């Protein structure tokens, strides 16, 4: 058996295409596949300042290195910066940040690190100590999405790039189907997401299989943090992930099939979608009078752990005070940089 491209001894079977390639041809193919996604989806414009969300994990590490190289090779003309969120999880995030700093040194790109403690006044360890392990992923997901938006805005970036891969997006499609979340199902497979007036989020690894990303990192000798979050095993997403992995063993194409199905979805005209407004407390874009982050914070401060995690009435919040993100992290509300809720 030989490499299907150059005839050299083979090293890798591509998860996405099943092609048998040598290491060099695989690395070249993977980078050009990401480049083709960028070209096809038109997610960047020359001269834009872009924040790359990095965590030290394989996806964001590979994304940062590939974008750095493609930006030079194909003259994208982008100004790239790294953005990391410290959730405050001892033995997990503090270790992964060490890998983030190595990426900063390797690539020579500016790095900003923001913490939940500075923005919200709580670490995830403190939140879990208060609420237990039920709904902790809800808190972390909401806070992380908003923290990334605020960090990118603070850095003057016009787009936020995330390392969501094809497996992640397929999982999200399935989760939204099971939840009956029509609004998110319509947009979760898009390469670029964001409502009017919000910071666009971009996913260059949208069509890249997780297994191929791991092989790219291995053969590129990239260092990354590979320990799963200590609070993640109980998450709803983990069940969707297990189901899709079982399907993938029988039909590898199922991952792209799920993505293509979501891409082709169109809503009937009579399907109502949430109307977006701005949070009364922090100015973040929201479909309610208070954004999800402020609801969750209100519940933490007032020992009401159902707030923000159930369909509880918002009427009692009209006179609530004192629970909001720090003022230096929010916009005054008189410009177009307010951030919209996103899909992941």
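Just so you know, glycine gets a Cβ as well, placed from its N, Cα and C.
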Recorded ATP site member, picked from 85, 89, 131, that accompanies 53, 54, 55, 59, 163, 168 in TrEMBL:
85
DSSP on residue 163 (ATP binding site), three-state: which is it?
coil
Should residue 85 (ATP binding site) be counted as helix, strand, or coil on the basis of DSSP?
strand
For residue 54 (ATP binding site), the three-state class that DSSP assigns:
coil
What are the sequence-distant neighbours of residue 53 (ATP binding site), meaning same chain, six or more residues apart, C-beta distance under 8 angstroms?
60, 83, 84, 85, 148, 160, 161, 162, 163
Have a look around residue 85 (ATP binding site) and count the other CB atoms within 10 A of its CB, chains all included.
25
Those residues of the chain, 6+ apart, with a Cβ under 8 Å from that of residue 55 (ATP binding site):
84, 85, 93, 96, 100, 163, 225
Counting each residue once, how many in the domain 'Cytoplasmic tRNA 2-thiolation protein 1 C-terminal' (279-303) are helix, strand and coil under DSSP?
10 helix, 2 strand, 13 coil
